[in-house]
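Undergrad: First the structure, which I've put down as structure tokens, then a few questions once you've had a look.
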Amino acid sequence: MHRIGVITGGGDCPGLNAVVRAVTKSAINLYGWEVIGFEDGFKGLVENRYRILDLQAVSGILHRGGTILGTTNRDNPFNFLIEENGQKEFRDMSAVVLENLDRLGIDALVVIGGDGSLNIAYQLHQKGVKVVGVPKTIDNDLSATDLTFGFHTAVATAMDALDRLHTTAESHHRVMVLEVMGRYAGWIALAAGIAGGADVILIPEIPFKLEKICEKIEERTLTGKKFSIIVVAEGAKPEGGEMVVQKIVPESHDPVRLGGIGNKVGEEIERLTGKETRVTVLGHLQRGGSPNAFDRILSTRYGVAATKALKAGNYGSMVSLQGSAVTTVPLEDAIGELKKVPVDHEMIQVARAVGISFGD
Ligand code: F6P
């Protein structure tokens, strides 16, 4: 092994730069390899856009949010959007990727990404590319790892928002609704709700009833609590229904949420309880900014583990946190099924025990 490539794919996430830095430093310091970073995720791999990552290139990036390499959300070499003469068409560009890797003398690839990017990594591995994945997403919904990097920072951001909403809610005797990310799984809402002392947490895994939310608010009023705090994951759904507006991005045919559920829940609460209600959609504030200490450490451990997995010839794997140990699992185990919150999860039980309602 002489030269390896690094890619950051999918939505950005606090800790990406920390992983890029750790892969680069460990590859150079431990084994004397050269490192190349592809720009804008898989798009750069198809278009052969890259930069050399040496110790200087990754200096001073540990604490920085985003990714110095750039990323795109929806570029897939196996179904790549080509625009020629005003025409758009999707083509399989995987052969071009293999050629580019070959021409650059890249022996192996570290793919830092979530479910979508790791799926692509797995397909490339099946075509003979030596790949190791690193699990990234603020949503923490990737299978085969206890934690993805970025999750803790997103939870800390949401908790900070809840602390701020508490003081204004209390002063104005209002109901405050905070919508957080989590299209498929409610990990951020659950963790932030516990950390931020929410009264109600709504997650995709537990369909809610509006009357149960209102009951909780009324119950608080009866005990002299004139305000309530509600955390809603963007993928939360009412029992037997769908309250969320979706739009379709034409190029990708991927439904993207418009941040509708928080507003909808807020409107209904105000209508049903007559209490003044305000809604905050936290959105991409959860993705931007510096990783916290936990994520800097986890990202660094993941980056070094990825380099070591390549050295050990452990291809087609993903680095993973199991308990407190960083280990590797087959990439195959990580992709496909997303990791939802089990409805009897210990954290759900803890939340219920301290009086948090899930609106069920
Ligand atoms: O996967 C992370 C995530 O933050 C989701 O929770 C959210 O729905 C999505 O990304 C938003 O993506 P985009 O940046 O494309 O709006």
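Cβ coordinates come from backbone N, Cα and C, glycine included.
Automatic prediction, not curation, is the source of TrEMBL annotations.
From TrEMBL, here are the annotated features:
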ACT_SITE  Asp139  active site, proton acceptor
BINDING   Gly11, Arg74, Asp75, Gly114, Asp115, Gly116, Ser117  ATP binding site
BINDING   Asp115  Mg(2+) binding site
BINDING   Thr137, Ile138, Asp139, Arg174, Met181, Gly182, Arg183, Glu234, Arg278, His284, Leu285, Gln286, Arg287  substrate binding site
DOMAIN    3-310  domain 'Phosphofructokinase'
SITE      Gly116  site 'Important for substrate specificity'
Undergrad: Which state, by DSSP, holds Arg278 (substrate binding site): helix, strand or coil?
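TA: Assignment for Arg278 (substrate binding site) reads strand.
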Undergrad: Go through the recorded positions Thr137, Asp139, Met181, Arg278, Leu285, Arg287 and tell me which ones have a CA within 10 A of the CA of Gly11 (ATP binding site).
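TA: Close recorded positions: Thr137, Arg287.
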Undergrad: Can you list the residues of the same chain, besides Gly11, Arg74, Asp75, Gly114, Asp115, Gly116, Ser117, whose Cβ falls within 8 Å of the ATP site's Cβ centroid?
TA: Gly9, Gly10, Gly41, Asn73, Gly113, Ile120
Undergrad: Select the closest residue to Ser117 (ATP binding site) from the following binding-site residues, measuring between CA atoms: Thr137, Leu285, Arg287.
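TA: The answer is Thr137.
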Undergrad: So if I measure Cβ to Cβ from the residue listed as 'active site, proton acceptor' and keep only same-chain residues at least 6 apart in sequence, which ones fall under 8 Å?
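TA: When sequence neighbours closer than 6 are ignored, the residue listed as 'active site, proton acceptor' has Gly114, Thr148, Phe151, Ala154, Met181, Gly182, Arg183, Tyr184, Ala185, Trp187, Ile188 within Cβ distance under 8 Å.
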Undergrad: Return the count of C-beta atoms lying within 10 angstroms of the C-beta of Arg183 (substrate binding site), excluding that atom itself.
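TA: Result for Arg183 (substrate binding site): 15 other Cβ atoms within 10 Å.
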Undergrad: Suppose we screen the recorded positions Arg74, Asp115, Gly116, Ser117, Asp139, Arg278 by Cβ distance to ligand 1 with a cut-off under 6 Å; which survive, in sequence order?
TA: Asp139
Undergrad: Below 8 Å Cβ to Cβ and six or more residues apart, same chain only. Which residues does that give for Gly116 (ATP binding site)?
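TA: Expected: Gly9, Gly10, Asn76.
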Undergrad: To the nearest whole angstrom, state the Cα distance for the pair Asp75 (ATP binding site) and Thr137 (substrate binding site).
TA: 17
Undergrad: Note down the number of other Cβ atoms within 10 Å of the Cβ of Gly11 (ATP binding site), including every protein chain shown.
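TA: The answer is 21 other Cβ atoms.
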Undergrad: Could you check the binding-site residues Asp75, Asp115 and say which one's CB has the fewest neighbouring CB atoms inside 10 Å?
TA: Asp115
Undergrad: List nothing but the one residue from Met181, Leu285 whose Cβ has the fewest other Cβ atoms within 10 Å; the candidates are the binding-site residues.
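TA: So among Met181, Leu285, the binding-site residues given, the one with the fewest Cβ atoms within 10 Å is Leu285.
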Undergrad: Using C-alpha atoms only, work out the spacing between Arg278 (substrate binding site) and Asp115 (ATP binding site) and round it to an integer in Å.
TA: 34
